[in-house]
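Enquirer: Please see the structure below; I have some questions.
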Amino acid sequence: MARKTPIERYRNIGISAHIDAGKTTTTERILFYTGVNHKIGEVHDGAATMDWMEQEQERGITITSAATTCFWKGMDLSLPEHRINIIDTPGHVDFTIEVERSMRVLDGACMVYCAVGGVQPQSETVWRQANKYKVPRLAFVNKMDRTGANFFKTTSQMEGRLGQPVPVVFPIGAEENFRGVIDLLKMKAIIWDEASQGMKFEYQDPAELLSDAEKWRSAMVEAAAEANEELMNRYLESGELSEEEIKAWLEKRVLNAEQILAYALRTAFKNKGVQAMLAVIDFLPSPVDIPPCNGTDDNEHDTVRRASDDEKFSALAFKLMTDPYVGQLTFIRVYSGILQSGDTVYNPIKGKKERIGRFVQMHANQRDEIKEVRAGDIAPAIGLREITTGETLCDPESIITLEKMVFPEPVISQAVEPKTKADQEKMGIALQRVAQEDPSFRVKTDEESGQTIISGMGELHLEILVDRMKREFGVEANVGKPQVAYRETIRKTVDDVDGKQAKHSGGRGHYGHVVIAMYRLDRESKPKGYDCMNDIKGGVSPGEYIPPVDNGIHEQLNSGVLAGYPVVDVKVTLHFGSYHEVDSSEQAFKMAASIGFKEGCRKANPVILEPMMAVEVETPEDYAGNVMGDLSSRRGMVQGMDEIVTGGKVIRAEVPLSEMFGYSTTLRSMSQGRATYSMEFKHYAEAPRNVAERSSARVQGK
C-alpha cells in the first residue's frame, strides 16, 4: 500500500504548557479548523475531545496524553496537504511522566503560555524536558483577550527564563480590544471573523501599527540572518531578505534549538489566531529534517536508522494503555521501515519475538483500524504482551536497540487495602495493570506489615489512580495517609569491609567471603542508585561468583540500616574474596555480599535523605509576607520573589515534601482563597536529625 502523505509533509508535535494555559482548548480549535471535529468541544463543559477520561471531564484538567491526527493545507488552502500527528499533554506536575515520554518521540513541540500568567513553573519544567531530548519548539501566547494580558511582559519573561524570543506575529490590541495579529512575514494584518467562529478572516494593511510592526520585523529578519554569515552580509548590504529565506533560516535555527523562539499569539477560546498556530508547517521539522535515530546493534556497536520506508523497521514503545474493548494498546513511534498487521517484531531488551495483531489510528479514545505503519507514524499496536514502556521493537533480521527512556522516582507513598475480601484479587490485578501503564507509579508489599504500598509523583497522582481502580476495575479501597519517600545513603568512604557467610552443620557447608569498599556517589538532582565494580586481581574468587555478589547487594539496597528505606548514591568495589572448592555456592556469595554491604553502611556514617520540592506561590501582594513566613516555618528556603503581570507576587521556595501535606488548605485560609501554588520534585537532601529520628521511629513503630 503506497504512502498517502509524503514523509516530508509529516509533523509530529506535542502541545505542552502549565496547567490552565490553554493546551487542550488550543488542540480542540485545531481539530475544528482542520475538519476533524465539526463542533468545538470545551474543557469547562467537560466536552473536550482530547480529555476523554471521566476524571478529566469532571476536573477540567488533562491527566493522560492523548493522540490524534489532522490534515492541513494552510490558512488560505495554498499548501499541499500536511499530516499533523498531535499529542496533547497534561499540565499538572503530578503527571509529568506523560510529558516526558511524549517528548521522547516527538519531532517538535508547541509551548503554550498564558498572556496573563506569563512563564509559569510547569512551563519551565516542560521546557527543560524538551531541552533534554533536543526537541525543536515554538512558543504561543494564549488568552490575549483576558484582563491583564501583556504580550510584551510575557516575552520578557521568556527571555529571562527560557531564551531569546523572536516574534513572527505582532498583536493588534490587547484585553477586550484584541482583534487580530500582524503577520510579520507578509506584513499583513489578519482579522478573524467571530461570527464564523474564526473560520473566516481577512488580510488588511496594518497602517496604524506599521512603525511598531516594522521594528519587530527587523528583529525577526536579523535573527534569521544570524544563522548564516553569507546571509548576514547580504542583509547588511540590502537591509532585507526574501520571505522564503526568512522562513527557511528561522526554521533552521529552531531545528538546531539555538534558544530562538518563533511564536504566534491568539486567544484560543474566542477562536482568534489558532489557525496561525499551524505555522508548525513552516517552522517545525518533518521526520526527515531531524538527525537519524541512534542505537546499538546486537554486537553493541553504534548504528543509526534514517526516517525512510526503505530502511529496516525500528520503533519505540512510549506508552501502554488498556482499552476495555481490545485490551492492551502499545503506542509506538516508527523511526524507520514499514510494519504490517500480522508481522513479527523483535524486542532486543527482552530478547523475545512478538507478533503484531493489528494497528489502529487513535483520535483521543476512538479507534480506526489501519493495515500498516510507516516511518514517521505514531500509532497503537494491538497484540503485544511482553513489552514495557521505553523498549525497542525492530526487524528480527536487523536488530537495533534505541536509547531507553529514564523515568522519575516516586516521592510520595500511601498504604492501600481492599474494602472487602472480594476486592482483594481485583485490586492486585488493577494495581498491576496501572503500574504497567504508568512507569512513575510503583506498588510493593511491606514485608513487616503486609500492607500494599503505592507510590507516585504527588497526592493528586495517587488520588486519580485510586479513583481509576474504582471506575475501571470496580475495586473499592481504603487509603492511608500520604507518606514521604525517604532514602538512605552514606557520608564517608569505608575500606576493607568483610562479608562472610560460613555455616557447617554436617554434610556440604555454606561458604562465601567478600571484602568490599564503599564510596558516596556524587548526586546532581536525582538519586542514582548504585555502581558495582569488580577490582579483584588474580584467582582469589572465581568469576562465576561475581554476579551473585552484585545480586546480593542489589537486594540489600531495598532496605537501609537506619529505617529500612531504599539506599541510593553508593558505589561498591569488590577487591578481595575467598572461597572453598566444595562448600562455596552462588547463594553463599550472595549472602556474604548482603552481610558485607549492611556492615559497610553502618560504618560509613549513614544518613536519611528527604525529597525537596520546588514550590511557587502566586499571591496578592497583601498576603506575600504571611506566605513567606509560613514557608519558612515549614523549613522552606525562600529563593526569590517576582512580580506578576496583573499585580501580586510569585514567591519561589524550596521546601521539604514532608512539610507540604495539607498546604492547599492552609494557603486558601491564609489568602481568603486568592493565592495558588504549584510544586514539583527538585532533589534529595540530608534530613535534619530530628526529622530522621522521627521518621525512623515511625517506621519502627515506636
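First residue shown is number 1, and so on along the chain.
Cβ atoms here come from the backbone N, Cα and C positions, even for glycine.
The following feature annotations were taken from Swiss-Prot:
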{"type": "DOMAIN", "residues": "8-196", "note": "domain 'tr-type G'"}
{"type": "BINDING", "residues": "17-24, 88-92, 142-145", "note": "GTP binding site"}
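What's the neighbourhood like for each of these?
Expert: In this structure, THR89 (GTP binding site) belongs to neither helix nor strand by DSSP; it is coil.
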Enquirer: Once the DSSP letters are reduced so that anything not helix or strand counts as coil, what is MET144 (GTP binding site)?
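Expert: It is coil.
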Enquirer: Taking the domain 'tr-type G' (8-196) alone, what is its mean pLDDT?
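Expert: Reported value for the domain 'tr-type G' (8-196) is a mean pLDDT of 74.
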